[in-house]
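For reference, the structure is listed below as structure tokens.
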Amino acid sequence: MAVARHGYRPWGSILGLLGLALAAAAAWDVASLRCTFGSFCECDFWPDLPGLECDLAQHLAGQHLAKALVVKSLKAFVQDPAPSKPLVLSLHGWTGTGKSYVSSLLAQHLFRDGLRSPHVHHFSPIIHFPHPSRTEQYKKELKSWVQGNLTACGRSLFLFDEMDKLPPGLMEVLQPFLGPSWVVYGTNYRKAIFIFISNAGGEQINQVALEAWRSHRDREEISLQEVEPVISRAVMDNPQHGFWRSGIMEEHLLDAVVPFLPLQRHHVRHCVLNELAQLGLEPSEEVVQAVLDSTTYFPEVEQLFSSNGCKTVASRLTFFL
């Protein structure tokens, strides 16, 4: 089976898990000497919340709800020396609105080695769970992987991408790890973080944003109370979603449903300018306009929201530079 991060991991192998646990335990003996002088340092967990807030403010365009929810949830969780349960966030929205970008920022600002940290585990259904006929096998392997890595390091981050494409029933094995029990399978898991990413609810979020625009309401006036119920319904009614009959939503195990609003033309401009800055290039209005004009927008009449958010900005830039 494929691996959960860069390189190859024997995550379906019991011996591999034991080896990982022993290696992590040995590393912890050394790290613990250094971490006794820090408040949060466990494994390579080095939270930089001010840095996260700064990056979100500078680089995440048009997402007032996502910024507020992510920062508030993380602050409360990280500053609690004995959290009652793991932090569980579910990110929802249209393609290219910043869900994957935010998850990468979380890894970058929570762990010293970011996405390269051995305690950050990124799962993709296409890579790790490609065959629905093997769901029972995947369930056993996923349970062993999560349990083994939480035994090695309680401060672990698990990212599950494209929840819409996961085999139905797979996520039910995670339910015991997401609640407030003290110990599961001999493992204390309350300091773990689980992030779920999906497009589910994206169309419904878009409709809320469109209706707000048609009513001449400011985008920032859109509240969580408006979008959270429509996201929940979209997920609960979708048998193709990873949460389908998993008990995760039914048991209210999500700490926050994080909506990502569709991006308008000026938000895409922000992304273009950010990309130019990262490339070390001076902003060119001609190039910016070319990228914006080559982007498709919807609905057909209003031409208000980018069809791909900021997802294709980098590739379009290379064409016009």
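Every residue, even glycine, has its Cβ placed from backbone N, Cα and C.
For 1-26, the entry in Swiss-Prot reads signal peptide.
Annotation source Swiss-Prot lists ATP binding site at Gly93, Trp94, Thr95, Gly96, Thr97, Gly98, Lys99, Ser100, citing sequence analysis. Other Cβ atoms within 10 Å of the Cβ of Gly93 (ATP binding site) number 28 in total over all chains.
Feature annotation from Swiss-Prot assigns N-linked glycosylation site to Asn149. In three-state terms derived from DSSP, Asn149 (N-linked glycosylation site) belongs to a helical segment.
In sequence order, Tyr101, Asn199, Gly202, Phe260, Gly309, Lys311 are the same-chain residues whose CB sits within 8 A of the CB centroid of Gly93, Trp94, Thr95, Gly96, Thr97, Gly98, Lys99, Ser100, the residues recorded for ATP being left out. Fewest Cβ neighbours within 10 Å among the binding-site residues Gly96, Gly98: that distinction goes to Gly96.
Taking Cβ-Cβ distances under 8 Å and a sequence gap of 6 or more within the same chain, the neighbours of Ser100 (ATP binding site) are Asp161, Ile197. The 10 Å shell around the Cβ of Thr97 (ATP binding site) contains 32 further Cβ atoms across the protein chains shown.
In the three-state DSSP reading, Gly93 (ATP binding site) counts as strand. The Cβ of Thr95 (ATP binding site) has Asn199, Gly202, Asn308, Gly309, Lys311 as same-chain neighbours under 8 Å, each 6 or more residues away in sequence.
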